[in-house]
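Feature list (source: Swiss-Prot):
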- 1-26: signal peptide (SIGNAL)
- 27-392: topological domain 'Extracellular' (TOPO_DOM)
- 130-172: domain 'DSL' (DOMAIN)
- C132-C141: disulfide bond (DISULFID)
- C145-C155: disulfide bond (DISULFID)
- C163-C172: disulfide bond (DISULFID)
- 173-205: domain 'EGF-like 1' (DOMAIN)
- C177-C187: disulfide bond (DISULFID)
- C181-C193: disulfide bond (DISULFID)
- C195-C204: disulfide bond (DISULFID)
- C213-C218: disulfide bond (DISULFID)
- 240-280: domain 'EGF-like 3' (DOMAIN)
- C244-C256: disulfide bond (DISULFID)
- C250-C268: disulfide bond (DISULFID)
- C270-C279: disulfide bond (DISULFID)
- C288-C300: disulfide bond (DISULFID)
- C312-C321: disulfide bond (DISULFID)
- 325-349: domain 'EGF-like 5' (DOMAIN)
- 414-515: topological domain 'Cytoplasmic' (TOPO_DOM)
Amino acid sequence: MTNFSSLLTTIFLCIISSATGSGTIELLISSPQTVLVEPTVCANFECAAPDDLSLARKVQRRVPLRFGTGQYHGEARERIDLHLKIIEPTSNEILALQHHRPAADTEWNSDAPIVIETSRGFNVTVQLRNLCSSNYHGKRCNRYCIANAKLHWECSTHGVRRCSAGWSGEDCSNPICAGGCSNRGRCVAPNQCSCADGFNGTRCEQCLPRAGCVNGDCVNETPNTCKCRDGFIGDRCDIDIKICSLEKPCANGGICSIDSSSSTGYKCHCPFEFVGSQCKTPLSKVRCSAEHVCKNGGACISMDDTNIQCKCRRGFSGKFCEIGNHGDCSAMRCSAGETCQISGDFAICVENDELLLTTNKPAETTKSVEKWREPRKTANDEQASDELQLRLIAAICVLFSVCVIGLALVSFFFYMHSFSKWKHPSSQQAGGSTILPTTTSIPMSTTSSGTGSPVYKVCIIDSEHRGNAPGSSSDSEPDHHCPPPHRHSPPPAYSSLVLYKKVPMAADDESSFRV
């Protein structure tokens, strides 16, 4: 869309530039005599003759007069219509009246000026040029072009739009980087590259080594790597291999050696009387008062006011027990009266009288060797004992879990059995007696029959069938009904079954008794 708009703008400007011009005609008139000059200039149309609007200007003797006409705007013509009238200022005599049509040009016509011969025999010289208005270009000032620094274009002297220096493309949007960016970045502005990570420079030609690489370069032009230059070593290439010979950092007879693992790049091997990173501290000042004089758990012993000695643990040696010896007696330095022996994984120095390494006491030698091996055997026994204890604890936990589960199952079955007996009690009691359902009452009432004999009526109310209609419990006597239950206060519930026995009665009343 942007390219299409730019194309339309260009076409519109071309149409305007071919038909319209804008500017001012500048004149430069010189005369050997003082005269009045009345010019009439028509840049975009033809003039018939000098008119009343023409203004006479005074040209001093041998003093050129430079002035401009009014600004014109309209059709751009190839030639300018110029009328000149020369007047003598005192008598107003017309000395010359001429008409010229010079070609329009933005440069002065100094090579071919207009020469006007007066009637008094002297000549008046006239030069002119076409001075274009702002944004108009070309000899006829008919090319309209606006420079735009934001869009990176400018206008030539002829009004042709062109890209500014450092830009290219149809829309002047492509920056130019002289020499490119070495395929390690992209050009974002004239001669300005945006480099990829790990590269730098005007053209991204510099490979950046790893951060902290002091005296090194990239390995095979690969960023974030470090290859030391000649004469330097170390992970950061900050150790000069000539440091021992040039600086001589070890004092008091210490021997300097290159050590790339050290922060200083070297290591001092001090004589016995001095200590420190540069062998500058006398041993007499340290003695056993300082912490960790003896390394690796060695014991410090003060020999006198100026000397100390480190008694090292098994497997370590050296002046300060700083050397670990793992099964190698060649690196051990045992003192007089001691012998290096391999005990387990360590090489140790043992006094000769303690080991009793003599041919006439082989039994004691064997006992001494067994004594050194005893700690390893004890350690194995302790490990086996710990494993046995763990297994025993695990077995106890399993047995306890089984017991708890069994007890829970027994309790569950006992509870279910008891609940079943309570839910379904037996219907017969001992002695053949019948246990009736729970009842609420045994109301009895008497009525008189027609003969005067009493009639007994017994109502047995089953607690489980109390909801039935009254009187429905007796099929044999439908005309007699039990009194309705008291609806305000129900009878109390019985807590036990009631055994109803036979009701005593007279022999003659047996026929009238109904249940």
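Backbone N, Cα and C define each Cβ position, glycine as well.
This view paints the features noted in Swiss-Prot onto the structure.
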residue	record	contacts (Cβ under 8 Å, 6+ apart)
C141	disulfide bond	G21, S22, G23, A76, A104, T106, N130, C132, S133
C181	disulfide bond	C187, C193, S194, C195, R203, C204
C244	disulfide bond	C250, C256, S257, I258, Y266
C268	disulfide bond	P249, C250, G254, I255, C256, G276, S277, Q278, C279
C270	disulfide bond	C250, N252, G254, G276, C279
C312	disulfide bond	C294, N296, G298, G318, C321
From disulfide-bonded residues C145, C155, C172, C177, C218, the one whose Cα lies nearest C288 (disulfide bond): C218
Cβ-Cβ under 8 Å with the domain 'EGF-like 3' (240-280): same-chain residues at least 6 beyond its ends: 231-234, 286, 319-320
Remote residues contacting the domain 'EGF-like 1' (173-205) - C-beta distance under 8 A, at least 6 residues beyond either end: 151-152, 165-167, 223-224
C244 (disulfide bond) - helix vs strand vs coil (DSSP): helix
Assigned conformation of C163 (disulfide bond) - DSSP reduced to three states: strand
C172 (disulfide bond) and C218 (disulfide bond), Cα-Cα, nearest whole angstrom: 38
From disulfide-bonded residues C155, C163, C300, the one whose Cα lies nearest C213 (disulfide bond): C300
Three-state composition of the domain 'EGF-like 1' (173-205), taking helix and strand from DSSP: 0 helix, 13 strand, 20 coil
Which disulfide-bonded residues sit within 10 Å of C163 (disulfide bond) - Cα, from C145, C177, C300: none
Residue among the disulfide-bonded residues C132, C155, C163, C187, C256 whose Cβ has the most other Cβ atoms within 10 Å: C132
